[in-house]
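What TrEMBL says about this protein:
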- C48: active site, nucleophile (ACT_SITE)
- T47, C48, N49, R50, S106, E111, P112, Q113, Q117: substrate binding site (BINDING)
- G186, A187, G188, E189, M190, G191: NADP(+) binding site (BINDING)
- 7-153: domain 'Glutamyl-tRNA reductase N-terminal' (DOMAIN)
- 168-302: domain 'Quinate/shikimate 5-dehydrogenase/glutamyl-tRNA reductase' (DOMAIN)
- 317-413: domain 'Tetrapyrrole biosynthesis glutamyl-tRNA reductase dimerisation' (DOMAIN)
- H96: site 'Important for activity' (SITE)
Amino acid sequence: MPVELLSVTHRTAPVGVRERLALGMDARSALMARLARIAGEGVALCTCNRTELYWVAGPATTPGDVLALLAAESGLDPESLQPYVIHLRGAEAARHLCRVAAGLESQIVGEPQILGQVRDAAEEARAAGALGPVLDRLFTLGVVAGKRARTETPIGRGAGSIGQAAVQLARSILGELAGMRALVIGAGEMGRLVAASLASYRPRWLGIANRTGDRAREVARDVGAHLVPWECLDETLATVDLAVIATGAQEPVLTYQRLEPVVAARGGRPLLLIDVAVPRNVEPAVAGLPGIELHDIDGLRELCEEGRRARERAVPQVEAIVEEQVQEFLEWEHARAVVPVIQQLRERVEAIREEETARALRRLGHLSERDRQVVLALSHGIANKLLHLPISRLRERGAQEPYIYAIADLFGLDDR
């Protein structure tokens, strides 16, 4: 049975709809368990920009059934959700997942987080008892597509956004971030993107500070960072190696006067400040303080544009990788579909061969043992030659369901 998919993404739905479909882990697990009960297998892939349900098609499960499950979990009615949903089946569904894992369907082409999210979705489905052999194979090959895309092409290299450009700049100046202490000031969309990108490089310590504690708490929870109360901002700046500033303030948050005591407390240790806000959040005069290296958004735009061009050039290479992985999945699906039919066909012919050979040997009771073996060998040879063409055709065309059913019907096979 082919894979099917319902998808709601940034391409099809406004943020208000996507927010309603942003399911937590418990909700995802419950949804996958319910999906598996009606379809046998089910995986929910949920990120900030997409909610997708994958299942294995069957006569008892329709896309409408799956849409109803998703609508019930999100508190929306199916009719209002329907305009934002796309439905894919078979090779198109498999291709879509591989494109997602490879970063081709991301808002920022090649962004790194999606590969881990695809892998995590499969593991969550496994834990929920909803991951069967078909979706296990598909998601495994999807992850392979994502890994190959990032190792064999430049799709994941360079900065695809200002936030990623800030992190790339930090790495070019500081080296690997694993031993660094980093702080993100601001918990809006830009701050969230910077924090997620920083977290992927596993700094020794990562903090999130924002005037509104609730937003900072949410971002910190999502990326595994520490919440820094706003009143502790100066104290924290005295201890970190890197700070990226991304607030929505209309006036500078970090002024020369404010940072003077921070610099004194650092005892000469350098501090890299990257201001990605417009208007600027860091007073330009701060660059004159000892040990401070300040970069603003103008210096990041060209870095971002270079990265975007490099990623776009890599798209055809990545699409070729995706097609290879899709073909591998379809061949696996093909083999999986025809193996039981071939086995039943062999068993059917073998049963006839044994029955007819035994009848003939009873009538030829005078034959020597050597002659009996000749008759048995003859019957095996005839059976194998008769089976050769149907089995070859099954292997060539067996993924076509009508062909499988025709063979099963012609030879009187069971369970088709």
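Every residue, even glycine, has its Cβ placed from backbone N, Cα and C.
Note: TrEMBL annotation is automatic and uncurated.
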What does DSSP give as the helix, strand and coil breakdown of the domain 'Tetrapyrrole biosynthesis glutamyl-tRNA reductase dimerisation' (317-413)? 86 helix, 0 strand, 11 coil
Within 10 Å of its Cβ, which one of these binding-site residues (P112, G188) has the largest number of other Cβ atoms? P112
Residues near T47 (substrate binding site) in space but at least six apart in sequence (CB under 8 A): Q113, I114, Q117
Using a 10 Å radius around its CB, how many other CB atoms surround Q117 (substrate binding site)? 16
Measuring Cα to Cα, how many angstrom lie between G188 (NADP(+) binding site) and the residue listed as 'active site, nucleophile'? 14
C48 (active site, nucleophile) and E189 (NADP(+) binding site), distance between Cα atoms, whole Å: 11
Rounded distance in angstrom between the Cα atoms of P112 (substrate binding site) and C48 (active site, nucleophile): 14
Please list, for the domain 'Quinate/shikimate 5-dehydrogenase/glutamyl-tRNA reductase' (168-302), how many residues fall into helix, strand and coil according to DSSP. 59 helix, 28 strand, 48 coil
